[in-house]
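A.B. asks: Let me give you the structure first, and then I'll get to my questions.
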Amino acid sequence: MAAALLARARGPLRRALGVRDWRRLHTVYQSVELPETHQMLRQTCRDFAEKELVPIAAQLDREHLFPTAQVKKMGELGLLAMDVPEELSGAGLDYLAYSIALEEISRACASTGVIMSVNNSLYLGPILKFGSAQQKQQWITPFTNGDKIGCFALSEPGNGSDAGAASTTAREEGDSWVLNGTKAWITNSWEASATVVFASTDRSRQNKGISAFLVPMPTPGLTLGKKEDKLGIRASSTANLIFEDCRIPKENLLGEPGMGFKIAMQTLDMGRIGIASQALGIAQASLDCAVKYAENRNAFGAPLTKLQNIQFKLADMALALESARLLTWRAAMLKDNKKPFTKESAMAKLAASEAATAISHQAIQILGGMGYVTEMPAERYYRDARITEIYEGTSEIQRLVIAGHLLRSYRS
């Protein structure tokens, strides 16, 4: 089986994984240490990120530059369609592998990390799970190699966390659906060649009247708003999608009418593992920066790392990071084992995003004045971390999800 797997493998990423069939199911927490194949994957992604992303990350951030060439190379490695089956031109790997790879990319450049996350989790994810065979061929295969990327249009100007309150509408007209409304905060919007859009097809049914659609970009009736000038993740584009009598074929309905809310929620469960992994990368980069600086900066006749106060800070940073990483891996492995993971993905996203914010904050504190200037990357990590507590469900939403599952478990 392993030989056949490798014979079908494509690209340097798969060749780096060795001879074991690494799609074996994992027993959650059977070992704190990663399987050898996943360790090799981590090193491959780290080498790529250090060569291709670290040298340009500050420039991408400063000039709001989309990393076109690097995204293409990531597609060639298989990083843009990691759990998509090989028959659809994906890498055919598992979600633990995806989490590990995304952390390494985000450690080098969080903007590139979210570009990767959106294409894998939010765009390809729902089509892979709910799409027809024809839709998978049309809307997945061309988006695996870096030539094209997709986006995900759920949030609206008047409802971000309240995903069931969509004001965008879709009505049937002959052989078409006609979309009207505005979607907000759409990542990858300016570079995307397609989007998954959620719109109300029956307002009387509230969230049970929401449906999902596949929309090519550009297309008549769809215009892009201005690129948002953001605090962080500045190399990824964020803009509104404005639908004005946007007509798409009837066969572009994803799933069945009224399934949109279910599709969105299950997609966000997957996406939260991605954002947790992005946050882990930011947190790890912040800790690396703080330790390196503290080791080389002398105060009172000794390196900062000799000061107990600095040691305590570093210990707390490492504790938060490792705890969040284990929660994230657990959520990924539950998904790989086809077990429920909604609560666990919310826990992972909450823990990792808050860890990234706290660790990047403390990194600046350790660097002092040097942490506040662009000469060092600590300030970029701090800016990039903040969004991880907001998008794909705020920290408050994650706590509601966790509490809901917790209370139901006590009542059952």
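Placement of Cβ uses the backbone N, Cα and C atoms for every residue, glycine included.
When I checked Swiss-Prot for this same protein, it listed these features:
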ACT_SITE  Glu392  active site, proton acceptor
BINDING   152-161, 185-187, Arg297, Gln308, 365-369, 394-396  FAD binding site
BINDING   Ser161, Asp269, Met270, Gly271, Arg272, Gly393  substrate binding site
MOD_RES   Thr27  phosphothreonine
MOD_RES   Lys51  N6-acetyllysine
MOD_RES   Lys51  N6-succinyllysine
MOD_RES   Lys72  N6-acetyllysine
MOD_RES   Lys129  N6-acetyllysine
MOD_RES   Lys129  N6-succinyllysine
MOD_RES   Lys208  N6-acetyllysine
MOD_RES   Lys262  N6-acetyllysine
MOD_RES   Lys262  N6-succinyllysine
MOD_RES   Lys292  N6-acetyllysine
MOD_RES   Lys306  N6-acetyllysine
MOD_RES   Lys306  N6-succinyllysine
TRANSIT   1-24  transit peptide
A.B. asks: Among the recorded positions Lys72, Lys129, Lys262, Arg272, Lys292, which residue has the largest number of other Cβ atoms within 10 Å of its own Cβ?
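C.D. replies: Buried the deepest by this measure is Arg272.
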A.B. asks: Looking only at DSSP and grouping its letters into three states, which state does Met270 (substrate binding site) belong to?
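C.D. replies: Going by the DSSP assignment, Met270 (substrate binding site) falls within a helical segment, counted as helix.
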A.B. asks: Under 8 Å Cβ-Cβ from Glu392 (active site, proton acceptor), six or more apart in the same chain: what's there?
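C.D. replies: Within the chain, Glu392 (active site, proton acceptor) has Cβ neighbours under 8 Å at Leu122, Leu268, Gly271, Arg272, Gly274, Ile275, Lys349.
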A.B. asks: In whole Å, note down how far the CA of Lys262 (N6-acetyllysine) lies from the CA of Asp269 (substrate binding site).
C.D. replies: 11
A.B. asks: I need the nearest neighbour of Lys72 (N6-acetyllysine) among the recorded positions Phe152, Lys208, Met270, Gly393, Ser395, using C-alpha distances.
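C.D. replies: Closest by Cα: Phe152.
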A.B. asks: Between Lys51 (N6-acetyllysine) and Gly158 (FAD binding site), how many Å separate their Cα atoms?
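C.D. replies: One finds 42 Å between the Cα atoms of these residues.
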A.B. asks: Measure from the Cβ of Gln365 (FAD binding site) and count the other Cβ atoms within 10 Å, all protein chains considered.
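C.D. replies: Here the count is 13.
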A.B. asks: Return the residues near Phe152 (FAD binding site) by Cβ distance under 8 Å, restricted to its own chain and a separation of at least 6 in sequence.
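C.D. replies: Looking at Cβ-Cβ distances below 8 Å from Phe152 (FAD binding site), excluding near sequence neighbours, one finds Val118, Leu122, Tyr123, Pro126, Ile186, Thr187, Thr195, Val196, Thr267, Gly271.
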